[in-house]
Structures are given as structure tokens and as C-alpha cells.
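Have a look at the structure below before the remarks.
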Amino acid sequence: MRRAERRGAGGSRPGSPLPEGRRSTESEVYDDGTNTFFWRAHTLTVLFILTCALGYVTLLEETPQDTAYNTKRGIVASILVFLCFGVTQAKDGPFSRPHPAYWRFWLCVSVVYELFLIFILFQTVQDGRQFLKYVDPRLGVPLPERDYGGNCLIYDPDNKTDPFHNVWDKLDGFVPAHFIGWYLKTLMIRDWWMCMIISVMFEFLEYSLEHQLPNFSECWWDHWIMDVLVCNGLGIYCGMKTLEWLSLKTYKWQGLWNIPTYKGKMKRIAFQFTPYSWVRFEWKPASSLRRWLAVCGIILVFLLAELNTFYLKFVLWLPPEHYLVLLRLVFFVNVGGVAMREIYDFMDDLKPHKKLGQQAWLAAAITATELLIVVKYDPHTLTLSLPFYISQCWTLGSVLVLTWTVWRFFLRDITLRYKETRRQKQQNDQGRAVGNGDGHPGTDEDLPGSGSAKEGAAEQGLLAGKGAASATS
């Protein structure tokens with residue numbers, strides 16, 4: 001939200017009508033509107049510093065006679081210039097803390113990463129893998145995958161010194177990574193049911209695809225106890241508690257120099273890294289077919305992004321502990337929250353002419369491009385057929401979901417409309433019957449005296465006809 005909009009979004013008293021543009025799920029914001037040096041754009045300052053840096057390199061540095069080094073430095077300089085432009089000139093997204101420039105920076109990183117993926121996509125498999133040697137000379141070498149599903153005994157009686165060695169072997173650095181990852185994913189999705197569905201579905205995907213990637217082969221207790229219950233479950237629980245605190249928190253902001261005490265100033269600096277306001281997500285997947293399909297699409301894209309992490313390491317020969325793998329995860333942590341907020345706003349907006357947010361668009365494009373790289377670089381692995389019992393399970397699950405969709409959004413609505421029509425017809429019939437039975441007005445024919453009046457009018461017409469006939473004769 002822009003600064004002027006943020007000042008206009010808050011300030012209403014509890015019980016008063018919602019300010020224009022604020023939803024019922026959005027928290028109230030109180031802001032004194034202080035606009036300090038920290039919030040200004042600094043476009044001229046950045047341009048001046050950038051020009052001085054380029055002038056220094058051009059006029060004072062001697063260009064080395066190393067083509068590879070100059071190529072790397074030229075690419076890095078081009079990326080930095082683009083990032084400087086984007087941070088100062090790109091459009092703001094929905095988040096403004098700790099600073100709008102922070103989120104503009106990650107938007108520009110998304111563009112750079114997408115362009116890098118497209119470049120890799122247009123290379124041959126061998127050239128694409130060897131190109132990563134320019135990033136790190138240790139890359140471009142086939143790496144063996146670790147098999148986690150060897151000995152699955154929790155208690156190994158044959159090992160007298162350490163019978164729980166299988167459990168300790170699984171407690172590596174990925175255990176806290178799972179917990180932190182699911183804590184942050186919960187803050188992105190803001191819904192317990194969706195988080196649990198994605199968590200359980202990914203374990204089923206690991207079961208289904210372990211014949212393609214060896215490191216998907218894990219022990220049953222590693223899947224369901226350590227992953228789903230301990231790491232993922234605890235991360236989701238802590239995330240939901242944080243969401244509860246954020247939804248109840250008072251969002252009252254003052255300028256740093258308007259706070260008299262040092263304790264208040266330190267508290268204000270710490271709160272600069274918390275959200276400016278809060279929107280509670282109400283996905284309501286069963287409310288309409290459009291929202292149901294949208295929520296299903298979000299879950300599928302989430303699962304696809306998770307799978308891309310493992311498949312990209314496999315096809316590009318990246319070791320799991322390499323810093324590029326960690327940087328990709330940090331990247332998705334920063335862009336995922338913005339993308340989910342823009343998707344929710346897109347679904348919740350009732351305006352007929354609307355467009356998907358820029359970060360959500362880029363996140364979807366990046367996920368699709370990563371999938372295309374995996375398909376191109378190792379089609380043999382992806383085309384390995386599923387075991388028969390696995391394909392049966394996925395077919396049964398798909399049929400159940402499709403059947404529920406047809407019943408909930410088509411057959412159920414037809415049944416409810418038929419019952420409502422039948423109920424209204426019965427009420428009308430009962431109203432007529434009651435009107436005829438207890439003297440209440442019913443139809444015109446049932447009114448008292450209407451029959452005798454009609455008979456009198458008929459007799460008068462008959463006498464008038466006889467009189468006219470006798471006069472003629």
C-alpha cells in the first residue's frame with residue numbers, strides 16, 4: 001500500500017462503518033502520517049551514486065585482459081544496474097515493511113531469476129550443466145543421491161553400542177529446515193487446513209516418486225512421524241499461533257522522533273520488521289466453483305514448486321548443501337508471501353476488470369519454467385511409469401475429488417433448487433386450502449356471494465333477452 005493510502009486506511013473507531021477500501025478481514029491501522037527521510041524514494045541519490053561508480057570503473061580502472069572475467073563482471077554490473085532501477089522505480093506491492101524498497105528488490109530478483117532460467121532452458125543439456133561452472137567451478141559433476149530408506153528399524157538390537165543409530169542418522173540439518181520452512185509457509189498461506197493438505201500430499205508424492213528420485217525413499221516413520229507430525233506439524237502449529245497474535249495485534253504507528261522514550265524508540269524499531277497491517281485469509285473453497293478451482297490450483301502449484309527443488313538438484317547436478325539451493329529457498333520465502341497475498345486479493349476482488357499481481361505472475365512463471373527445464377534435461381526419469389498400485393491410488397483419489405466437485409457444485413445445487421421449488425409449491429397449496437376452509441379470502445371464485453351474484457346477473461340477462469324478443473314480434 002502506498003503511503004497516502006496507508007494513512008487513509010486506518011483511524012476508524014471500533015463499531016464505526018468500515019472505511020472505504022478496507023475489508024472486514026483487514027485490521028484497523030492508526031498512523032500519524034510521519035514521512036521521514038527513511039520513506040523517501042531517493043531516486044536522484046541512487047542515480048548519482050550509480051553514475052559515479054560506473055565512471056570510476058570506466059576512467060580510473062584498467063580493464064583486465066581476461067575475457068571470462070570481463071564477461072562475468074559485465075553480467076554482474078548489468079544485473080546491479082537493473083536492480084537499482086527496479087528498487088527505485090518499480091511499482092509497490094501489497095507489503096510495506098520493513099520498507100517498500102525491500103519488496104521491490106525481490107521483485108527485480110524474480111525477473112533476473114526468470115531470465116536466467118529461460119537462458120538455461122534454451123541450452124543443450126550438457127552446455128546447461130557446464131554453464132554452472134561459471135558460477136561455481138565445483139559444479140557440473142554427477143552427484144550420487146543419498147538413500148534414506150535403507151535400514152528402517154527404530155530400535156536396532158544388533159547394534160549394541162547405539163541401537164537408535166537409525167534415528168540419529170536421520171537427524172541432519174534438514175530437520176530444522178523442515179520446521180522453519182513450514183513455519184514460514186503457514187505465514188504465507190494463513191490457513192491450517194491448506195497447510196496440512198499440502199504437507200500430507202507431499203509425503204504421498206514422495207511415496208509415489210521414489211522410483212524416480214532415490215532420495216524420496218524414506219522410512220515410514222521418517223515420512224509420518226518426523227516429517228508430518230514433528231517438523232511440519234510443529235512448524236504449522238507455531239505458525240498458526242503467530243497468525244493469531246498478528247490478527248489480534250494493535251497496529252498503531254508513530255514516527256520515531258515522535259516517541260519520547262528510548263524504550264519506545266527501540267520497540268518501534270523492532271516493530272518495523274512486523275507487518276504494517278494484517279489481512280486474515282478466508283479462502284472458502286466450498287463457497288463457489290471458481291474459488292474451489294483456485295484453491296486446488298494453489299495447492300498444485302505449491303506441490304510443484306516443492307518437487308522442483310528436488311528435481312532441479314537432480315538434473316542440474318547440484319549437491320543438496322550447495323549455496324545455490326539455499327539461495328533458491330530464501331528467494332521463494334521472500335516472494336511467496338507477496339505472491340499469496342496478491343492471489344488472495346485477486347480472488348477476493350469483486351471488480352470485473354482485474355489483473356493478477358506482478359509477483360504472483362512471476363512466481364507462477366518461474367515454477368512453470370523450472371518444470372520445463374526438468375522435462376527437457378531428463379525426460380527419461382520423468383517418464384518412468386508409476387507402479388501399478390500407486391497409479392490405482394492416484395486414480396481413485398482423482399475420481400473421488402472429481403465426484404465431490406460434481407456433486408457439490410452441480411448436483412447439489414440442482415437438488416436444492418428442486419427442493420426449494422417444491423417447498424414453495426406446497427406452501428402455496430396449503431395457503432389456498434386454508435383460505436377455502438376457514439373463511440379467509442382465497443380466489444375470486446371462493447369469495448362469499450360471488451356465486452349468487454353471478455346467478456342474478458345471468459337471470460337478468462335472460463329476462464332482458466325475452467323482453468327484446470317479444471318487442472320485436
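Every residue gets a Cβ built from N, Cα and C, even glycine.
Taken from TrEMBL, the feature region 'Disordered' applies to 1-27, 425-473. What TrEMBL lists as transmembrane segment is 37-59, 71-90, 102-122, 292-311, 323-340, 360-377, 389-410.
When each of 37-59, 292-311, 323-340 is checked for Cβ pairs under 8 Å to the transmembrane segment (389-410), 292-311 comes out on top. In this chain, the transmembrane segment (360-377) touches the transmembrane segment (292-311); three or more CB pairs sit within less than 8 A of each other, excluding pairs fewer than 6 residues apart. Nonlocal intrachain contacts for the transmembrane segment (323-340), taken as residues 6+ away from its ends with a CB within less than 8 angstroms of a stretch CB, comprise 93-95, 103, 106-107, 109-110, 113, 132, 135-136, 177, 181, 184-185, 187-190, 281, 298, 305, 309, 312-313, 357, 359-360, 362-364. Sequence-distant contacts of the transmembrane segment (102-122), counting only residues of its own chain at least 6 positions beyond either end whose CB sits under 8 Å from a CB of the stretch, comprise 79, 82-83, 85-88, 90, 92-93, 95-96, 128, 131, 316, 331, 334-335, 338, 358-359, 362-363, 365-366, 369-370, 372-373, 376. For the transmembrane segment (37-59), same-chain residues at least 6 beyond its ends with a Cβ under 8 Å from one of its own Cβ atoms are 3, 77, 81, 84, 87-89, 99.
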